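Here is the structure we will look at.
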Amino acid sequence: MNAMLETPELPAVFDGVKLAAVAAVLYVIVRCLNLKSPTAPPDLYFQDSGLSRFLLKSCPLLTKEYIPPLIWGKSGHIQTALYGKMGRVRSPHPYGHRKFITMADGATSTFDLFEPLAEHCVGDDITMVICPGIANHSEKQYIRTFVDYAQKNGYRCAVLNHLGALPNIELTSPRMFTYGCTWEFGAMVNYIKKTYPQTQLVVVGFSLGGNIVCKYLGETQANQEKVLCCVSVCQGYSALRAQETFMQWDQCRRFYNFLMADNMKKIILSHRQALFGDHVKKPQSLEDTDLSRLYTATSLMQIDDNVMRKFHGYNSLKEYYEEESCMRYLHRIYVPLMLVNAADDPLVHESLLNIPKSLSEKRENVMFVLPLHGGHLGFFEGSVLFPEPLTWMDKLVVEYANAICQWERNKSQCSDTEQVEAELE
């Protein structure tokens with residue numbers, strides 16, 4: 001009987017093990033979800049000027065806390081994964097018209113045009129020219145959500161479809177989009193300027209699109225004509241610097257690299273006949289053996305080296321990344337420029353953020369916005385678990401564009417007043 005009475009002590013040991021296991025799981029969850037991270041307004045880097053002071057007054061989102069969903073929103077990985085997997089929740093379906101432009105080399109570029117659904121806050125004709133992220137197009141949910149919101153705020157929107165990204169549009173030349181080729185974006189902008197001669201432009205780029213739009217504006221001063229401002233979200237600024245960090249397992253970047261490379265392979269192979277067919281006049285440096293190397297590629301760098309750089313005749317991957325990155329063009333942009341990154345973006349190494357920080361210290365027209373959370377093109381908002389359809393990123397871009405339009409309107413009115421006073425004297 002005494003032995004039987006002593007046995008209840010054994011379950012208490014097991015309860016202790018269970019409790020320790022639960023505690024360990026909770027600790028891992030708290031660490032992985034970054035639940036202890038505070039919410040705060042974004043860090044801002046800018047020079048004190050009349051423009052920056054006006055923006056701080058006119059853009060409340062720049063000084064308010066960005067509050068992501070409580071349970072998972074502080075994890076850059078989950079924000080990035082949700083953007084990558086589903087784009088947005090309850091995404092609208094804006095109605096637009098697809099336009100086709102034949103390029104000089106025979107390529108067929110396309111973009112979608114969406115008319116405004118309301119009058120703009122300053123009453124002017126404003127067009128947002130938008131360049132999506134890598135292998136993206138106007139049908140992606142995050143683009144649809146942003147376009148719908150911009151339309152309702154009085155903006156016409158033109159969205160570039162990256163060459164080769166739309167599954168139902170065949171390539172008509174042995175070339176597809178690359179990291180920094182601005183030809184298609186430039187053709188879209190020129191079409192808008194010609195078709196709507198009274199319109200002014202707001203230039204917007206997401207991720208890889210951010211690199212393209214900044215490079216386009218910096219290539220020549222003429223490209224900045226009729227441009228009110230530019231917004232770049234979640235780009236990496238220098239592919240040459242990024243390539244080393246993209247091969248590291250820190251923040252799982254090597255895994256993301258593999259996933260994006262796999263997606264790029266599928267897109268390239270879907271256009272195999274147009275790019276590698278026997279009847280195709282391929283670039284001299286592009287050989288049939290490059291196709292076999294493509295099958296075994298496990299990183300974007302391998303794909304860029306074996307295929308992408310050869311579309312434009314670059315002799316090496318280093319040359320391709322140096323020439324195609326916007327970093328060497330940023331200092332030539334003179335219109336107001338807002339650069340946005342998230343501190344927890346798993347794709348953009350923190351060392352790359354020194355580029356926009358340094359630029360904002362030298363140029364009055366540049367503001368660098370760095371929230372703690374948001375991941376890569378996530379920036380979801382919500383209370384506890386479920387995100388809102390509209391993101392912090394969508395609201396910020398439109399709010400900034402509205403402020404710049406108002407700033408330009410105020411400047412114009414001041415100039416008119418000064419001219420009248422001068423004539424009266």
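Using N, Cα and C of the backbone, Cβ positions are placed for all residues, glycine too.
Features as listed in TrEMBL:
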type: DOMAIN; residues: 127-382; note: domain 'AB hydrolase-1'
type: ACT_SITE; residues: S207; note: active site, charge relay system
type: ACT_SITE; residues: D345; note: active site, charge relay system
type: ACT_SITE; residues: H376; note: active site, charge relay system
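Structural mapping of features recorded in TrEMBL.
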residue : record                           : Cβ neighbours (10 Å)
S207    : active site, charge relay system : 23
D345    : active site, charge relay system : 25
H376    : active site, charge relay system : 26
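The two recorded residues S207 (active site, charge relay system) and H376 (active site, charge relay system) have their Cα atoms spaced 8 Å from each other. Model confidence over the domain 'AB hydrolase-1' (127-382) stands at 94, taken as the mean pLDDT rounded to a whole number. Here H376 (active site, charge relay system) is positioned 5 angstrom away from D345 (active site, charge relay system), judged by their C-alpha atoms.
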